[in-house]
Amino acid sequence: MTADRGAQHPPAAGEGRPPAGAIAVQDRYADDFAWCYGCGRHNPAGLGLKTHWDGEGTVTRFRPRPEHMAVPGYVYGGLIASLIDCHSMATASLALYHRDGHRLGDPEPVPRCVTASLQVDYLRPTPLGPELVVRGRVVELGARKAVVESELYANGVLCARGRVVAVPAPPTMTGASPGQGEG
Ligand SMILES: CCCCCCCCCCCC(=O)SCCNC(=O)CCNC(=O)[C@H](O)C(C)(C)COP(=O)(O)OP(=O)(O)OC[C@H]1O[C@@H](n2cnc3c(N)ncnc32)[C@H](O)[C@@H]1OP(=O)(O)O
């Protein structure tokens, strides 16, 4: 990890930004699976994360708000973990969708994954203010899991890295309404 502490994401801010109206992975989760605090489109109190395919990998952009601070000027690590988590779940879901021969925009919903393991390395303090960019790629795609590596950048500087194991959501987690203890 030490060798990457100075890593930069070379393209300038704004690179890879999806066109207006582009479909996000989270737009295509089934309604029952769209309540997640981080990325559920039906959760009005959530972060509302959106993940897009940019031709080479996945990208999620989020600008933390003042309440997301750890100490003045820096982002709370739990928020960083949430960004990496939901971004990685979307990346895994999209990989499964692609493996099934689908592309975003197809009528079939994107399959939903849950987090089996979330490992985050905080490489340097993340400044509070700039838009954060998370990029991910699938490093292992098996019958029952996907392993995703994601990197979080601020102002083009690598601040955190995650390795996440995603497993298709078990049937017991489907069909619950908010307030029933699952979602
Ligand atoms: C309406 C509401 C909808 C809800 C819809 C979901 C909303 C998602 C929201 C975003 C993400 C979240 O916050 S999800 C919330 C946080 N996560 C959870 O609550 C999940 C709780 N855990 C579980 O339910 C379970 O442990 C599972 C489903 C993750 C795994 O069950 P399992 O029975 O162990 O599955 P299994 O088939 O044996 O394992 C599949 C593969 O994953 C690997 N694997 C399993 N666990 C781990 C692990 N901790 N670390 C590494 N690898 C693991 C296994 O080795 C295996 O690899 P191989 O042998 O195939 O190589």
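Backbone N, Cα and C atoms are what each Cβ position is placed from, and that goes for glycine too.
Please treat TrEMBL annotations as automatic predictions, because they have not gone through curation.
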Among ranges 1-21, 43-63, whichever one TrEMBL labels region 'Disordered':
1-21
Across the domain 'Thioesterase' (73-155), average pLDDT on the 0 to 100 scale
97
Summarise the domain 'Thioesterase' (73-155) as counts of helix, strand and coil residues per DSSP.
23 helix, 35 strand, 25 coil
